[in-house]
Amino acid sequence: MDTTRKDSLASFWNGLSLKSSEVIYIYMSVIIAATILWLAWTSASSYFRTRARGQLPPGSFGFPIIGDTVQFVLAIGSDVGYRKWLQKKIAKYGPVFKWSFQGMPVVVMDPPGGHKFLFQNEGKLLETYSPVQMVSLWGDDSIVLQLGERHKLLRRHLSRFFDHASISRYLEGVNRNVVQHFSRHWADKEESEFELVPFDVISLYTFSDICNLLMSLDEGPELESFLKEFLKWQNGLLCLPINLPGFTYYKALKARKSILRILGEYVKQRKREVAEGRVSERAKLDILTNLLTVPNENGNLLSDSSIYDNLLMLLVAGFSTTSSALAMTIFYIGKNPEVYEQLVKEHKSILDRKREEGKDDVLIMDDLSAMRYTWQVIQETLRLQPPVGALFRRTTMDCEYKGYAIPKDWKLMCNIVNSHYDLNCFNEPMTFNPSRWEQPPIPFTFMPFGGGQRTCLGIEFAKMQMLVFIHHLVRRCRWSVTDPNETIIRDPVPRTQKTIKITSVAMSA
Ligand code: HEM
């Protein structure tokens, strides 16, 4: 990759986040305000105590009104910070404890029992809950905010884009996209050795994959500036919800407006093409044309705002989580040369078999099934660095868990990170060990894709994207990390910021 390209990618990423300084400034202001609000909070806490019909979980609501919000937002900036925050709480209060986030009581549930309780009771005792800043960023019609029957109807409508038949259809396009991506960003023919920051480059691939799937858009400068808006949008998900100029949340809301404006142009143009009967063969198969022309099971087409909110949701879901998972997989492989060697064996044997059968080397679904070890490596990465660190639900009635009373309207938190590092769930949880996946995990301990009624819709698509990418990477490159002890940041998904050193190789069958 040439220096200009590297520099422009670096500045592209550097301009995007200011969070720590903002948080310190807010922290000071908030401490002053908190003292004034102490009395109000004390009476609120006693309200919760008297209202509950039993013993509340142990824990503390922290500072008045803001609770632990600031500490939490600071802690989740890094992988280690987040785990330390949790471990401190668990050591003090035990695995089920209460705390307060944005002025609301939250109960952290223990794995696996608490997670089972959380995922099996959705729609009965619980419903989904998103912190206040997420609600305005997602938009009212996004699937992630829908409840009950509306959620089920929309989920069934969107599911048809992610079933096995659809995934098999997408494989050819994803494969083509990966090959183009490598020739543009990785395999510089004049240099056999080069360096890059995986997450930065991979986001361009995953974003163009999902834009292609949704709206038949190809990688290029237009897509890069669209991606920039998404990154600003995504920074708002886990920041403090302060809508004032200069703050992350303000920038994220502005980014949402630009994203909707850009989406609006694409949707209008496609509507015109549909009306005039001149949709291209390629665009006929994409999700946008389907959403505009195929009614749901009640015979209704989605409203415009539902189309915008759900396109936005799928665009975000489809690039940031997968970019993180892939970039972190590459990091762990770079740290563990023996894992790389085993991957080479697996992918070489797939190519050898295809050659023996007289087939070309283009991947088909059966080849993906043969990538067992590759999937184990990805699963192990998702265990250590789950892109989504926690999920929240809201109690819709008073309920009880392990003898603790949990009042109506409290929030329950499934702490994905914590469960993946729990000694009762995984042996030697700190060790990167892909072969642990020879055995299935204990139910409700491995939750990178969530669970229950809201399990990730895109699992199979993400799995395909990641397997295809690693296949092409291992065929072309050998690499090592520049700093094996690098701090992994969460922004909001886990990623590293330092380069990996790559040597081009050519795997022959
Ligand atoms: C490694 C990649 C991915 C991870 C780790 C991931 C993780 C998750 C998690 C944890 C949830 C559950 C949220 C909850 O329970 O509140 C979720 C939901 C969802 N994901 Fe993914 N996701 C990934 C990739 C994708 C992709 C590629 C798509 C589609 C293009 C996608 C589409 C969705 C949708 C539509 C939902 C909402 C489901 C609902 O509310 O019914 N995800 N994802």
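Note that Cβ sites are derived from N, Cα and C of the backbone, with glycine treated the same way.
Where the annotation comes from TrEMBL, it is an automatic prediction and has not been curated.
Residues or ranges marked as transmembrane segment in TrEMBL: 23-41 (among others).
Annotation source TrEMBL lists transmembrane segment at 61-82 (among others).
Beyond its flanks by at least six residues, the transmembrane segment (311-333) meets 138-139, 142-144, 158, 198-199, 202-203, 205-207, 209-211, 213-215, 227, 230, 233-234, 256, 259-260, 263, 267, 287-288, 291, 339-340, 343, 377-378, 380-382, 384-385, 387-388, 432, 448, 456-458, 461-462, 465-466, 469-470, 473, 479, 481, 486, 488, 493-496, 500 of its own chain at Cβ-Cβ distances under 8 Å. What TrEMBL records for 311-333 (among others) is transmembrane segment.
In sequence order, ALA317, PHE449, GLY450, ALA462 are the residues near CYS456 (heme binding site), counting only same-chain partners six or more apart with C-beta under 8 A. In the three-state DSSP classification, CYS456 (heme binding site) falls within coil. According to TrEMBL, the heme binding site annotation covers CYS456.
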